[in-house]
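Working notes, beginning with the structure itself.
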């Protein structure tokens, strides 16, 4: 999302801000999921986003602004009110994606993660600061409790096999870029793990990543 912070990329911010102003406060019975980003926590606590948060100082807002006019293959105008990701929302989304296919076994890249973020934002209304993972090396666990997909390292041979034999993993050839964008040069793959709905592994292994109330 870093590229979204470039100067001259904020022309669509007015439309995003207007949508935030129009968004109704949602029921407080279901809090945001542990592990979501700052904007989602503000949405849950205040029912809106303080004006102090802008594309200039928040990567998720800048990411949304930079994709306002982008053709992404699904409705550009959000279909539902803006809301923070919840445990149930992440849990249900995980099972939907598992049953429909398309994410399990797909080689991870930042671009693919952004496509997923945009689709979830536009169709479900969940603010895109929920899909974050623990640092590497090794398996990366989701920070958002309820999201049941982790990122697991695979060998170049396995990535090559997936790219050649699995249509859903062939959007980009694994050998082209995957691994090079990772700090530890690992090729990562989305893998469904039902147990992540019972144990918040990220909070246990990396408590320093979570806001202390």
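Even glycines carry a Cβ here, placed using N, Cα and C.
Keep in mind it's a predicted model, so treat the numbers as computed, not measured.
Per Swiss-Prot, these features apply:
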- 2: N-myristoyl glycine (LIPID)
- 20: site 'Might play a role in AP-1 recruitment to the Nef-MHC-I complex' (SITE)
- 68-71: region 'Acidic' (REGION)
- 75-84: region 'SH3-binding' (REGION)
- 78-81: motif 'PxxP' (MOTIF)
- 114-130: region 'Mediates dimerization, Nef-PTE1 interaction' (REGION)
- 154-187: region 'Binding to ATP6V1H' (REGION)
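Helix, strand and coil counts from DSSP across the region 'Mediates dimerization, Nef-PTE1 interaction' (114-130) read 11 helix, 1 strand, 5 coil.
Across the region 'Acidic' (68-71), the prediction's mean pLDDT works out to 56.
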